[in-house]
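K.L.:
According to TrEMBL, the record shows the following:
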DOMAIN    35-208  domain 'Hydroxymethylglutaryl-coenzyme A synthase N-terminal'
ACT_SITE  117  active site, proton donor/acceptor
ACT_SITE  151  active site, acyl-thioester intermediate
DOMAIN    210-492  domain 'Hydroxymethylglutaryl-coenzyme A synthase C-terminal'
BINDING   243, 291, 295  CoA binding site
ACT_SITE  286  active site, proton donor/acceptor
């Protein structure tokens with residue numbers, strides 16, 4: 001799908017250093033001096049399960065009041081996995097789809113890192129399972145392993161990838177970041193906040209979504225708001241009220257640090273202004289459930305209001321808010337009056353900056369580590385390159401325990417047809433259609449699947465019972481866990497009669513090969529094996 005403009009400043013010096021047989025990893029020191037420009041996200045792929053349950057039907061099934069999940073949480077549907085899918089299969093699927101849809105050679109990847117909190121092995125990384133996709137290429141020189149922290153591991157992995165490309169360790173190849181999780185809860189009030197999915201991101205220079213250097217506001221603190229101490233269960237222990245307080249307090253701290261850093265940058269550039277919501281074209285958040293995201297945007301407006309030296313409370317966005325001028329931010333986490341007033345005041349900002357980001361979250365649920373990147377993909381999928389060009393996108397990533405960062409991405413100005421931004425946006429244009437193509441199941445079937453996962457989680461010598469026919473074509477799935485807990489996976493054939501998914505290889509634009517940033521790499525032929533023709537495992541192979 002993608003073709004990119006190679007980093008001219010790097011390539012011109014690098015090409016003079018490269019012999020016909022020299023690999024990107026063997027650049028002489030003179031070639032390493034050039035700083036790669038506009039490092040960020042070049043391509044994205046999103047995967048979610050092929051089945052879902054309606055939240056309105058789940059409300060009736062659970063015997064709760066109508067609107068508790070759909071209005072109170074802001075959720076419409078929840079995707080879920082049968083016992084045929086685990087973290088290994090999710091990541092295999094999303095990585096291979098990205099490679100195939102982009103025409104990317106496995107040889108052109110020099111770093112692969114997985115961010116996840118779905119742990120099926122306390123020693124072996126999911127990244128090593130993915131290395132089986134690289135075997136045909138012969139490329140084993142791939143840095144990175146797994147990064148684990150509730151909902152934040154994907155962001156940490158992404159930061160590591162960006163830092164690698166910008167470092168002296170970079171060998172001229174791309175980094176690939178995978179965030180994936182299966183979010184399931186025990187029966188009760190937290191269960192409707194589940195979901196599942198994975199997002200893969202290709203990182204390199206001259207990216208249409210460039211990370212703004214030096215603009216990260218991070219807050220780390222110890223708390224038991226959400227954690228998974230039971231090693232034989234998929235279910236977490238959750239303190240819901242504490243988790244919300246930790247999320248909102250982390251947002252306050254991160255926003256404050258970010259604003260101080262960008263203000264310092266602006267001062268060095270001779271600009272005398274303060275950062276506010278107005279400086280972001282879009283704002284995306286980690287989304288445990290959609291209503292919390294709406295409250296979070298209102299929270300940023302509250303921060304802007306309290307930090308403003310003389311806010312206009314007679315007109316504009318702060319109109320009518322004078323009664324809250326002296327509130328202390330740390331006393332407002334559960335203040336309904338403050339929440340209601342600022343959600344109303346920020347309603348226009350929410351509609352223009354954040355609402356579009358909730359497509360996947362609303363329709364599929366919380367994906368944990370990929371959640372915020374599913375929100376980013378949702379923004380890209382619902383705007384034209386011209387609407388996105390030049391915008392600053394704020395990204396707030398939160399993980400319980402807790403770890404959080406607010407950072408920003410600057411979208412390239414080049415929105416011309418065939419540009420890197422145009423190709424990225426076009427590759428995600430089928431998100432809504434893919435969500436609509438899923439199969440709806442009853443709450444009873446959903447509950448049976450959750451019970452089956454609960455009873456069989458981490459069993460040895462086990463053959464999954466879930467239907468393979470319900471999976472999207474091209475999906476990797478679990479076929480067996482042997483007596484030594486070694487897992488074997490098979491990929492469902494792409495030659496299927498489901499019309500939408502059968503066309504995913506071509507997506508919405510013509511496939512083009514992406515070469516390595518510093519050297520054109522040969523494309524690996526696509527696998528032609530049928531449903532049982534390509535088998536890999538997480539053990540002996």
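Think of each number as a place in line: the chain as shown, counted from 1.
Keep in mind that glycine also has a Cβ here, set from the backbone N, Cα and C atoms.
Curation does not apply to TrEMBL; its annotations are automatic.
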K.L.:
Over all shown protein chains, what is the count of other CB atoms within 10 A of the CB belonging to the residue listed as 'active site, acyl-thioester intermediate'?
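P.N.:
Step by step: centre on the Cβ of the residue listed as 'active site, acyl-thioester intermediate', count other Cβ atoms within 10 Å, giving 31.
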K.L.:
Can you tell me how far the Cα of residue 291 (CoA binding site) sits from the Cα of residue 117 (active site, proton donor/acceptor), in Å?
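P.N.:
That separation, Cα to Cα, works out to 23 Å.
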K.L.:
What other residues of this chain sit with their CB within 8 A of the center of the CB atoms of 243, 291, 295, the recorded CoA site?
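P.N.:
What remains near the Cβ centre is 244, 247, 248, 288, 289, 292, 293, 296.
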K.L.:
Name, in the order they occur in the sequence, the residues of the same chain whose CB lies under 8 A from the CB of residue 295 (CoA binding site) and which sit 6 or more residues away.
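P.N.:
Residue 295 (CoA binding site) has long-range Cβ partners 248, 339, 343.
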K.L.:
Which ones in the same chain are close to residue 117 (active site, proton donor/acceptor), with CB under 8 Å and 6+ residues apart in sequence?
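P.N.:
Looking at Cβ-Cβ distances below 8 Å from residue 117 (active site, proton donor/acceptor), excluding near sequence neighbours, one finds 148, 149, 150, 151, 153, 181, 228, 368, 369, 399.
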K.L.:
Tell me the Cβ neighbour count for residue 243 (CoA binding site), meaning other Cβ atoms within 10 Å of its Cβ, over all protein chains shown.
P.N.:
23
K.L.:
Applying a 10 Å Cβ distance cut-off over all chains shown, what neighbour count does residue 286 (active site, proton donor/acceptor) have?
P.N.:
31
K.L.:
How many Å separate the Cα atoms of residue 243 (CoA binding site) and residue 286 (active site, proton donor/acceptor)?
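P.N.:
Roughly 13 Å, rounded to the nearest whole number.
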K.L.:
Quick one: largest C-alpha distance among 243, 291, 295, binding CoA per the record, in angstrom?
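P.N.:
About 14 Å separates the two most distant Cα atoms.
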K.L.:
What's the number of neighbouring CB atoms sitting within 10 A of the CB on residue 291 (CoA binding site)?
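P.N.:
Cβ-Cβ neighbours of residue 291 (CoA binding site) within 10 Å number 16.
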